[in-house]
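Here is what Swiss-Prot says about this protein:
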type    : residues                           : note
BINDING : Asp697, Asp772, Asp773             : Mg(2+) 1 binding site
BINDING : Asp1030, Glu1065, Asp1085, Asp1136 : Mg(2+) 2 binding site
BINDING : His1159, His1163, Cys1187, Cys1190 : Zn(2+) binding site
BINDING : Asp1211, Asp1263, Glu1299          : Mg(2+) 3 binding site
REGION  : 12-19                              : region 'Interaction with host AP3D1'
REGION  : 489-493                            : region 'Dimerization of protease'
REGION  : 537-543                            : region 'Dimerization of protease'
REGION  : 576-588                            : region 'Dimerization of protease'
MOTIF   : 16-22                              : motif 'Nuclear export signal'
MOTIF   : 26-32                              : motif 'Nuclear localization signal'
MOTIF   : 985-1001                           : motif 'Tryptophan repeat motif'
Amino acid sequence: MGARASVLSGGELDKWEKIRLRPGGKKQYKLKHIVWASRELERFAVNPGLLETSEGCRQILGQLQPSLQTGSEELRSLYNTIAVLYCVHQRIDVKDTKEALDKIEEEQNKSKKKAQQAAADTGNNSQVSQNYPIVQNLQGQMVHQAISPRTLNAWVKVVEEKAFSPEVIPMFSALSEGATPQDLNTMLNTVGGHQAAMQMLKETINEEAAEWDRLHPVHAGPIAPGQMREPRGSDIAGTTSTLQEQIGWMTHNPPIPVGEIYKRWIILGLNKIVRMYSPTSILDIRQGPKEPFRDYVDRFYKTLRAEQASQEVKNWMTETLLVQNANPDCKTILKALGPGATLEEMMTACQGVGGPGHKARVLAEAMSQVTNPATIMIQKGNFRNQRKTVKCFNCGKEGHIAKNCRAPRKKGCWKCGKEGHQMKDCTERQANFLREDLAFPQGKAREFSSEQTRANSPTRRELQVWGRDNNSLSEAGADRQGTVSFSFPQITLWQRPLVTIKIGGQLKEALLDTGADDTVLEEMNLPGRWKPKMIGGIGGFIKVRQYDQILIEICGHKAIGTVLVGPTPVNIIGRNLLTQIGCTLNFPISPIETVPVKLKPGMDGPKVKQWPLTEEKIKALVEICTEMEKEGKISKIGPENPYNTPVFAIKKKDSTKWRKLVDFRELNKRTQDFWEVQLGIPHPAGLKQKKSVTVLDVGDAYFSVPLDKDFRKYTAFTIPSINNETPGIRYQYNVLPQGWKGSPAIFQCSMTKILEPFRKQNPDIVIYQYMDDLYVGSDLEIGQHRTKIEELRQHLLRWGFTTPDKKHQKEPPFLWMGYELHPDKWTVQPIVLPEKDSWTVNDIQKLVGKLNWASQIYAGIKVRQLCKLLRGTKALTEVVPLTEEAELELAENREILKEPVHGVYYDPSKDLIAEIQKQGQGQWTYQIYQEPFKNLKTGKYARMKGAHTNDVKQLTEAVQKIATESIVIWGKTPKFKLPIQKETWEAWWTEYWQATWIPEWEFVNTPPLVKLWYQLEKEPIIGAETFYVDGAANRETKLGKAGYVTDRGRQKVVPLTDTTNQKTELQAIHLALQDSGLEVNIVTDSQYALGIIQAQPDKSESELVSQIIEQLIKKEKVYLAWVPAHKGIGGNEQVDGLVSAGIRKVLFLDGIDKAQEEHEKYHSNWRAMASDFNLPPVVAKEIVASCDKCQLKGEAMHGQVDCSPGIWQLDCTHLEGKVILVAVHVASGYIEAEVIPAETGQETAYFLLKLAGRWPVKTVHTDNGSNFTSTTVKAACWWAGIKQEFGIPYNPQSQGVIESMNKELKKIIGQVRDQAEHLKTAVQMAVFIHNFKRKGGIGGYSAGERIVDIIATDIQTKELQKQITKIQNFRVYYRDSRDPVWKGPAKLLWKGEGAVVIQDNSDIKVVPRRKAKIIRDYGKQMAGDDCVASRQDED
């Protein structure tokens, strides 16, 4: 005892006995706990002496910790005791066991981190930087490695395939690891085609950049030598910063990780986009009754990633909703696992529950019961020298019999498996020729269409009679492998294959036995001579009579052969006759799974009437449908199907045959949407050159894939009769119909699954699959290649896909996807342009389509003038006269197409080069090649993305189109050769605001070169005449004026008709350009006009803008400036008076002076001025921009945190050595602030009581400053009934709002400080400005308006809530317009004078007051023990 007590000294023992066993508990540690621990350690063979030191305790803890997971409660108690003892030895103050365990965990984590850091340090000594893509070169400089085409390709593929689903965000994060803003912009520009998403992203980036500028103001004064300037928001976004600057910031000491910051902004934007593209809520994700648990979990987590919630909320969703929304089967299993189950345990437990896998397993179990190996009768002509392998009836193994079996005895009969008797007493002793148990009663062989069995049956074994024709009696040989009719009987082996045969004029039932050599029938008389014979069977040898050349009819097929007659227990048709009729035993692999299809929610199938058809069309349709029905593609239906789609027939091209067409437009509108598996067609320029090539075509592609059984009814159609002689013949599709929107996607999906095993087995063979066209290429010798092709054809045939010889191309040139492929080159299939005297709209559309197709290899093709002919809404048959330009364009294209042109195949080892030439009139042509004059492909670009553009902008768009096209075809971008000089390029892009990615390029001197036709000056031109221009128009009369006044006293006004304000502004600029010299200054107040001209367009769809461009090109120098409504520029007020007379109704000019005066006093933001003085936003913004005190930073955003109306945040800030106590109303951004003498509890409590006297304060949130935690403040809060919260980690009410308001307040104080003598005056002025002179945020109010609105709304909603709870106690019975029956009861939502609003189920309706009866809801009356209902029950 003494030895054990010596573990702790006196002082330590006192500490030990003060520590509680549990947090908040009464029991404390005693000496007995140390005695117990030392005894337990002896039990575990651990030295108890270790307890005397902290190091010994640490060693014991290290030994015990691994066993905690599996150990008993005693072991855990021992660990806890030693942990507390360790803390006492180490003099760590702890109050209870939990605190001691936390301290130990903290120490262990620290030691782990140190070890990891040490390991990382030793590993990283050799590396200078791991920050891809910025690396250190041999000279020690930090250089940038551009983002690779492979990474860009991966990113493009992700976006194209996932379409901004939640997976896009982690993928973007992974691909952009360590990237610079320039790399990130490159990634964004490669997916620039997604306009809506990119616009959302751009807005988010702009918002974040403005917020960055607000929080990081520019330091005044010059930058110190050796220091870098601080990045602005636009620098981080890569718009106004160079690559070198970005590298400098990222590698600076300390670094500014601009790449990571920009990446964070982009991810914020991507989150918004994902939310838009994935609108499904996590609450809507429920597991279907047959959906596998794995698929449900995939959907659940995919939607969870798109949810905008914190990680804690997401964890809660996973723990509760995942189980809650599972189907009943899985939910039962999941609940049994308990609350702490991991996802792995859940998925393992629910594996295979529900879904096709579960179904297949149940089916397999059923089959295993039916198909137990039974006795086998082998019938052979001669059994001599045959040795039978012995097989045990008990365990099923070969080599011993049941009597000698050592395995446990199997219950029941060894023959039939039933209990209650042994095998010797079994009644089922007859020879079983089927090798299956007699599981089903005898029945006739049923006719199944190939399509139905494929679509409906699970994994199956089938006996199939492959019929050719009734007269075919020759032995089946190699000549029979080719064509096979699809209307043969299929006899499944779920029951014995008994069929009716006709022999000697008699009908008999016989068993089809593929294991018997001969045909044996029971006693009967047959004509002709016979000879005696002995045959062996399971029951021994039997004597039979042999008849030769006997005619037998089996399943409608005739055969002549040898028949044996004798005492057989069952009639057997053996292989000697089965081979003649083409019978085979098939083991087909699982059929193509049908893809489940549904209609759009809330829609029903099509019910479109059949229109009348001519007699020849009806006859043709009847013939086609009869044949299709035989093949199982369609089935007849009765009148119970209410759906219908019109059907008609057209003649095939160059043929007398008819083709059936079904007008599925209405069904397509109602069918669910499908995701197209392939986003485009493969291009021959992307093919690698192969030694051997074959092109195959899948025959009747769609008709080989079954349609979902539940969807077939919607494909119903009717063939009418002439003069309605009889009711129409009704059919529905069993397979994918031509013309239905789901057929391409389902077929492609099925085909991909079928080809997958062949692709895996033959990785060296390239298979390009697009719909029913297959391109197969390999580097094998032609003989081996063709063997592989036959294997592929057989593989497809097993799944029911035929590849007709007619379309099997073995020799070049191969016709594929509209292309002509040769061994070493490719081209488009010959194109013949029609010669016509008159052209209809339809003719021109087809012509443009042909030319576009040809342009991918014929360089220089143009279609701009031909497309102009199609502008406007015209009927397809309308004749369009060709313009002179269009005729010339068509003639040029004919010349180009006269000479055949070929493209070559892609060589992965060589670089891609793209060269672009300008053709004029906004048209561009390009060639992509690897070797000069050997084009991979060519193309054209002629798209104008805006009304006004210039060549540089169009060239950029063309480059981006070619780069995207290259990534799709080859997975990388080419090097570009562009007809533009670097100087021209720089002159344009340094001024142009939009950041655009351009890949690597070089100048190539190919006339005509791209140039800028004019440039605007950046500063006013000294000595040039200045024109003040303006225009105005009346909206109602469309009358307007445009004019100018110059600084030299000239003026001019021109009246205009049928015009707009925008046109008059442009007209005024045109007048100034016309009447001015070679150098001119122009001042306008039109942002619209400024925006057009500053982009330096050189072509425009607008005639007026084109005229302005002509004038600009003639000038030597032009300076264009904008002013807000001519403020401060003498001549402009005159011109405004000139053009406004009798035109403008409302002028905002008067408001500008007042707004400027107010801004000089209060420095209001632009929203407040626009609202108070009725100014256009652009004018209000200009006033703010011209103020030297306001243009330093972006303005603050208010009202962005949505919180309860009673919550305030308090904080102290310091300025000029004084303390300012600030309170902010979180929901509105309203501020109360005061300069206090000292930062004490007394002053804070007094301020808090004043605040509570003015506003309803429910909660105050502060930091842990001594003045806020003082008893005085606590007493004040208690008295005023205010709840006090402090800034603890993970508290959702962070101090962020008050911190930003402090900065905002200081900023405003800085703006007005020179207007006040004392700081306390400036503080109150700043509070006034903030609360009443700044608008923005929620509702566009000022903070003062917003707090009043929030409090008033809170009172109203509380009152309204009381009214709602009262009104919900009423129920309404109502009548619809013409229905006399009273409906209801419905819930009363609102009662007005003339009508009531009610909710009936989920529908909300408005019912006139006269058609509604309102009654109070007293609840359901329950039947009591003595009520009439109970008495009736007793009777």
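Every residue, even glycine, has its Cβ placed from backbone N, Cα and C.
Each residue contributes its Cα atom, and for Asp772 (Mg(2+) 1 binding site) and Asp1211 (Mg(2+) 3 binding site) these two points are 72 Å apart. Cα of Asp1211 (Mg(2+) 3 binding site) to Cα of His1163 (Zn(2+) binding site): a distance of 25 Å. Model confidence over the region 'Dimerization of protease' (537-543) is summarised by a mean pLDDT of 69. Using a 10 Å radius centred on the Cβ of Asp773 (Mg(2+) 1 binding site) and all shown protein chains, the other Cβ atoms total 19. Distance between Cα atoms for Asp1085 (Mg(2+) 2 binding site) and Cys1187 (Zn(2+) binding site): 19 Å, as a whole number. Per DSSP, the region 'Interaction with host AP3D1' (12-19) is made up of 5 helix, 0 strand, 3 coil. Across the motif 'Nuclear localization signal' (26-32), DSSP assigns 2 helix, 1 strand, 4 coil. Spatially, by CA atoms, the binding-site residues Asp697, Asp1030, Glu1065, Asp1263, Glu1299 include one closest to His1163 (Zn(2+) binding site), and that is Glu1299. Note on proximity: of the binding-site residues Asp697, Asp773, Asp1030, Glu1065, Asp1263, the one nearest His1159 (Zn(2+) binding site) is Asp1030, by Cα distance.
Take the CB of Asp1263 (Mg(2+) 3 binding site) and look out to 10 A: across all protein chains shown you find 16 other CB atoms. Note on Asp1211 (Mg(2+) 3 binding site): other Cβ atoms within 10 Å of its Cβ, all shown chains, come to 21. Annotation for Cys1187 (Zn(2+) binding site): spatial neighbours His1159, Glu1160, His1163, criterion Cβ-Cβ under 8 Å with sequence separation of six or more. Asp1211 (Mg(2+) 3 binding site) carries a strand DSSP state (E or B).
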